[in-house]
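Participant: Dumping the structure here so I can ask a few things about it.
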Amino acid sequence: MSMGSYTRVWIPDPDEVWRSAELTKDYKEGDKSLQLRLEDETVQEYPVDVQNNQLPFLRNPDILVGENDLTALSYLHEPAVLHNLKVRFLESNHIYTYCGIVLVAINPYDQLPIYGQDVIYAYSGQNMGDMDPHIFAVAEEAYKQMARDEKNQSIIVSGESGAGKTVSAKYAMRYFTTVSGSASDTNIEEKVLASSPIMEAIGNAKTTRNDNSSRFGKYIQIGFDKRYRIIGANMRTYLLEKSRVVFQADDERNYHIFYQLCAAASLPEFKELALTCAEDFFYTSQGGNTVIEGVDDAEDFEKTRQAFTLVGVRESHQISIFKIIASILHLGNVEIEAERDGESCRVSPEDEHLSDFCRLLGVEHSQMEHWLCHRKLVTTSETYVKTMSLQQVVNARDALAKHIYAQLFHWIVEHVNKALHTSLKQHSFIGVLDIYGFETFEVNSFEQFCINYANEKLQQQFNSHVFKLEQEEYMKEQIPWTLIDFYDNQPCIDLIEAKLGILDLLDEECKVPRGTDQNWTQKLYDRHSGSQHFQKPRMSNKAFIVIHFADKVEYLSDGFLEKNRDTVYEEQINILKASKFPLVADLFHDGKDSAPATTASSKINIRPSRRPMKASNKEHKKTVTGHRPLSPQFRSSLHLLMETLNATTPHYVRCIKPNDEKLPFHFNSKRAVQQLRACGVLETIRISAAGYPSRWSYHDFFNRYRVLVKKKDLANADKKAICRSVLESLIKDPDKFQFGRTKIFFRAGQVAYLEKLRADKFRAATIMIQKTVRGWLQKQKYRRLKGATLTLQRHCRGHLARRLAKHLRRTRAAVVLQKQYRMQRARRAYQRVRRAAVVIQAFARGMFVRRIYHQVLREHKATVIQKHVRGWMARRRFQRLRGAAIVIQCGFRRLKAKQALKALRIEARSAEHLKRLNVGMENKIVQLQRKIDDQNKEVKTLSEQLSAITSAHAMEVEKLKKEVACYQQSQDEDRGPQLQEEVESLRTELQRAHSERKVLEDTHTREKDELKKRVADLEQENALLKDEKEQLNNQILCQSKDEFAQNSVKENLMMKKELEEERSRYQNLVKEYSRLEQRYDNLRDEMTILKQTPGHRRNPSNQSSLESDSNYPSISTSEVGDTEDTLQQVEEIGLEKAAMDMTVFLKLQKRVRELEQERKKLQVQLEKKEQQDGKGVPAEQPSNDSDLDQDADLAYNSLKRQELESENKKLKNELNELRKAVADQASEHSPAAAGTPDSYSLLLNQLRLANEELEVRKEEVLILRTQIVSADQRRLAGKGSEPNINARTSWPNSEKHVDQEDAIEAYHGVCQTNSKTEDWGYLNEDGELGLAYQGLKQVARLLEAQLQAQSREHEEEVDNLKAQLEALKEEMDRQQQTFCQTLLLSPEAQVEFGIQQEMSQLTNENLDLKELVEKLEKNERKLKKQLKIYMKKVQDLEAAQALAQSERKRHELNRQVTVQRKEKDFQGMLEYHKEDEALLIRNLVTELKPQTLAGAVPCLPAYILYMCIRHADYVNDDLKVHALLTSTINGIKKVLKKHNEDFEMTSFWLSNTCRLLHCLKQYSGDEGFMTQNTAKQNEHCLKNFDLTEYRQVLSDLSIQIYQQLIKIAEGLLQPMIVSAMLENESIQGLSGVKPTGYRKRTSSMPEGDNSYCLEAIIRQMNSFHTVMCDQGLDPEIILQVFRQLFYMINAVTLNNLLLRKDVCSWSTGMQLRYNISQLEEWLRGRNLHQSGAVETMEPLIQAAQLLQLKKKSPEDAEAICSLCTALSTQQIVKILNLYTPLNEFEERVTVAFIRTIQAQLQDRNDPQQLLLDFKHMFPVLFPFNPSSLTMDSIHIPACLNLEFLNEV
């Protein structure tokens, strides 16, 4: 390879990474150095590696620098990529650049105006390569591919901390929510955006690299329906950095939420959090500075709270969340004091922070204080508590804080997902992955290892996807391709995650009881020392090195095991589980860990042979929570993520951090190169460069390089053939390019070579011109010398030519002979050597393969043998060791047992042993008594607090009862029986509840008596033991030693027996004590619940449900009030006396609610049954006695159920009365427990008497009602025309269960009654009774019909009353709920709240009255208007009668001279009948096509409609006018809705609507509209009606039609604008196409050529103009239409110009000016130049001029500023930044020139909006345009089918 002088290259540089240089001397192969000149004019000699032939990278031509896509560069390598990004970032301020399928985003550290709504709409619907690189372009590409391919998409955003990943992901989600919208009214897109501030608050923190660094990864799936609108979302998080909660490095902060909460600590609702500033807490002050410059934590906290509210987190849950976060801060400030021994420590009981921690979390202070400094150790035989050292306690505290925050974090994520979840079916989704990039620090730990592991997996997926796209592109273009070698990081991934990999060994070491980080590191050294991706550091045994795809990273193993275990002590978690706050308890339930536990157990069952070895360890185990290690969790979640990504189409965004100082638009090349290597951008470049990176379409290639085509080739019409011939002649190596189906593919560097040839061609043409001119100047001198030398030259040249010809013939012959001979000899030698080499290679390769195969086979067999032998040896050794251990354990245990037996015998002989036993039991009894006393005191204080609240509530309830009673008295008296029945049914349910309460009371009394009896027995046994002890002592003192010696054996036996009995009794006592203590805890929890939720005061929904189920609200209210009073009295007398009553009350209350719900369900079923029976055909007559029996049973069942309901209602009332009596009696007695049995005996007696009385009454009522029903059934059976009892009578409780014996007894009673009345025929001896019966039957039918009518009226009235009752119930529920709320307020607040309620009630009543008055006034106006019309009609009728009479008289007088009348002329009115109105609208509006009226008068339908209106006005029929105009307007709207994309139809009805509007104005009779009318036209004016209101309606309709017309026209024009105005070559050969890169072949681009030229736009506008003119649209409206369309052309073209770098060039400016001039000429040709359309194009005209002006000197800057007045400063600067030369003769705009422009334009007050609003619509005006036609001159064509219209 050789390199000529002036060739520009890249050489490495230690500071700038790469520097540009230029060769000063040609390089030839073999040279050892290059002579270079740097950009600063210094000369340098650069050594060259001759052996490897490694030369410096070549630099791209300047024309390719700054491209949108890096793959468009001719030379693809690292320095070219870095330089292109640097130029775009610093000179053009472009932060986005494509690199193949990757979008590279550089963080500008500044706010840029490129994310507004206008930019979103500009990118919406555009192909990815058509616009400048942007995150919105990637989002649009994903959205478009999802809609077209119906495949899920993913956007993977990665980069290191501070690179802008979170912001990029946020803008992508914002794009989706803006473009797609929501599929429902749930505002799901707002919730998706609201999740960002929540996750930033709880998951982001300030680091040394970023002020808002995400310390977790998240993957958000945005779901779409079939119409691709957002319906929901879901979020998955990965690897939250929990260690940040307890530790922050210097100049770093904890998570934002801690500082936000501290900043808002002064708010009233956060006083109970006891927070101060962040500097006062250990967990938030370790990093030093707690404030971020430019960030207001209090303001951010308010945004966080608003986001919580938006995603549906209730206020109570928010307070609970903030309490948990505040408790973590207090936990970090708990002071732990070490004891003197150093092995234990303590926490002061007066520690305020620990008290605040326990209070905020609702846990017990003493237990938390104890278990913070102690731990429970479990062995195989027992469990005991051990103290911890200071460091252990601090570690345990920090672990607890991290665990609490992690659980809260996951709870919030889960709640956000619930808010974003939808019940609609998801059709597809787009996932946005915001995940941490590759990280390497000075000290790398477990978090960095997991992060880099995740990036390895993502990089592998990225490489395979890039390679797959390259293959697809080659196959699509039908190009033969070879396998591209790309970096495969699978070995590194196997090193981490494979079996016995790093993570596997880490998990195994975590399971070892005494596993350490150093042991694990040593295992890594032993196992992976031979791996190519694993290294051991030279100077450390605690670290290891992993060679990742991006860099080598050294990890310090300290802390790996502890972080992977994620250890938290179980005792502390159990305390949190027992919290009194539900949210805190829910965070730590074991439901979430059940699945991992199950998995672990399944593993144990699979491999049982290895587990006993670990289980036999005698070391104590710490009781920790059963958490699964972190690494398997992270590995599984990462595996799930990769499966999701592989199932979607990925789109990549790589964020780059330009500098570490966070300076705006400052580029550090070293940092950028590190990140480009780490994020895979350079790997993409390498893969692209390995193939054919440069791709040109045949059309673009021909336009760019036509100057290299020979003239004879241009005659060929096939551009592909021309391109083939040119390339084959220019590039000799066929491997350097390939011809595809639609593109030409080039190897790296070939485009630069073609650019050099093109430049040389232009340079040669320039030289040719110069040469010709200079030759012409010297021609005269040449001609003078020519004649003198011509003769000499002719002779000399002839002689020399002959000699030369001879020599050439000889030389050529010799050369031909030599060539043939040498060729033959070389060919033979080559073939001989080739055959020999092939044979040798074949034998050698076979030998090597066989050798390798045999070696692998031997190693495999050896491995199998070793595996079996080692297994057998391990099993043998284990069995020997287990046998020996068992023998030793048996002997040792037997020795210990003998010693223990001997000690027990000696101890049993002493009397002190019995004393110790008795002293322990006495202490237990004293403790029990003391706990009971403390309980009584606590209950008494709680009762006093409850009494005051209950009394106030009872007074308000009584007040409400009185109001309800007064209201019900004012209702109709007919509702009394029905309501009484409901009252009776509720009483029956209360009685039933009362009986159940009695059973529960008996049970409780029996249990209490048993407990008291058991305690008494225990006390008696204790006394007996004391007596026995004293007797034994006396016997021991009195008896002598001899007697003791004689009876010692006997006494020892007795003592042993008594000892065993005493032990058993003691154990029973302990068991009973634990049971009583558990019951005491339960009672205390119940009192806590009652204290927090006192009855219905806390939860009014119970009361409202009871009231809503009843039809008599006063009863329910009184019951609730009595219940509140009873609760108050029960709490006053204490828990010991009334604990049973409270428990029974709660159970009864639950039972009453169940009964009420059951009653309501039965009532609904009964009503449905009644409706079915009422609607259905009457049942057939019963044919046998079984039907009557069934009717009797059903009747009895309904009666039985009704009686039970009434009894239940009575029992409820009596229950409340008995509770009051019990409470009163208990309050009168002393606090001793003796008064309790009397109260309950009184209660039982009263209940028994009440039940007996109810039984008697129940039987009597049943007998009476059964007889009545039976008689009614017999009558019906005799009549035979009515259905059964259920069809006639509505029994409200007929489906309730009844006792079988009662039903049989009632049935027999009914049968007896029937038998007594069967024989009635003896009364009908003379037949008179039959005649009377027939008469009565007819009367009964008549009465029955009347009764049915009355019953229907009654039912309707009852329904209305029920509706009113329900409304009153709801009002009462609301008032009662308001009352309960006011009870919680202070007295002053209650008064103020009452006044507000009264004011709101009066306001509502006032509004109702106002509405009533307005209705009355409206009716009054309507009646007055009708009266006026009728009066006018009467007057007209009278006038017509008078006229008729006068004419009749005149005819009578002149009859002898009567003359034949002449037929009158057409008066311009059309008459139709009312029934023909629908036909008129159908033929004239809905089914009319514009083509039908071709050649007719324009706007003919409008004229016909007006003539019909005029006739209706003539006959003074206002209803007809109203109906016709309304039907016409509705018909036009229907047609436009049906043809909403038909320009011709829309224009047709716009013209007709405007003409009808003009006719109504022209013939309205208003002088202002009649100035141009003729006398004939004035006769056609309306006479009777003023249609001003309808004119306004038609004007509004015209505006709507105009807007629809503009929308249709814009929809047809918009796809053509960009292609015709910017891309198409209106002037052939003017523009040259530049390389476009990968993005021009994006998959989002449709197949085929969709390019348009300017002629297409002109043809389309010609079509618009012709249609509007032919249909008679007003010229003023046509002008406004084209003004709007030209504005849209201007806005779309300018917006694309501002967002596309490839069209900002001098040639584009020339094309634009030419295209605009063509449009102006078209306007003048159509006489539309006065429309103002040219003025709307002024910004585009100035932009085209800006592209063509010089941009060098300050004078040029002044000219630009004075010329571009219609462009804003931002637009001018943007165009200058985007300006791109198309050839090397042009120059770029310098940064200094742009700064000069900005300085001169800084005084302008331009809007900040960069793009124009192409959807802006100018207000339309409809000027009055009268018609010159008269109505009588209009002819109706037959094609309209309007024969039913009569001309008047």
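Residue numbers in this text run from 1 along the chain shown.
Every residue gets a Cβ built from N, Cα and C, even glycine.
Annotated ATP binding site per TrEMBL: G159, E160, S161, G162, A163, G164, K165, T166, in sequence order. Feature annotation from TrEMBL assigns compositional bias 'Polar residues' to 1100-1120. Marked as compositional bias 'Basic and acidic residues' by TrEMBL: 1164-1173. Feature annotation from TrEMBL assigns domain 'Myosin N-terminal SH3-like' to 4-56. Summarising the annotation, TrEMBL assigns domain 'Dilute' to 1526-1803.
Just tell me what is around each of these and how deep it sits.
Facilitator: Its Cβ taken as reference, G164 (ATP binding site) is surrounded by 24 other Cβ atoms within 10 Å in the chains shown.
Here the domain 'Myosin N-terminal SH3-like' (4-56) has, by DSSP, the following mix of helix, strand and coil residues: 0 helix, 27 strand, 26 coil.
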Participant: Tell me which residues of the chain lie with their Cβ under 8 angstroms from that of G162 (ATP binding site), as long as they are six or more apart in sequence?
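Facilitator: Spatial neighbours, sequence-distant, of G162 (ATP binding site): N107, T207, R209, N210, S213, K657, K662.
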Participant: Identify all same-chain residues not among G159, E160, S161, G162, A163, G164, K165, T166 whose C-beta atom falls within 8 angstroms of the centroid of the ATP site's C-beta atoms; report them in sequence order.
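Facilitator: Checked against the 8 Å cutoff, the neighbours are N107, N210, S213, S214, G437, C655, K657.
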Participant: Tell me the Cβ contacts of T166 (ATP binding site) under 8 Å, same chain only and six or more apart in sequence, or just say none.
Facilitator: S196, E200, N204, N212, S214, D434
Participant: Hey, which of the binding-site residues G159, E160, S161, A163, K165 is the loneliest by Cβ count within 10 Å?
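Facilitator: Comparing Cβ neighbours within 10 Å for the binding-site residues G159, E160, S161, A163, K165, S161 has the fewest.
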Participant: Would you mind giving the whole-number mean pLDDT across the domain 'Dilute' (1526-1803)?
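Facilitator: The average pLDDT of the model in the domain 'Dilute' (1526-1803) works out to 85.
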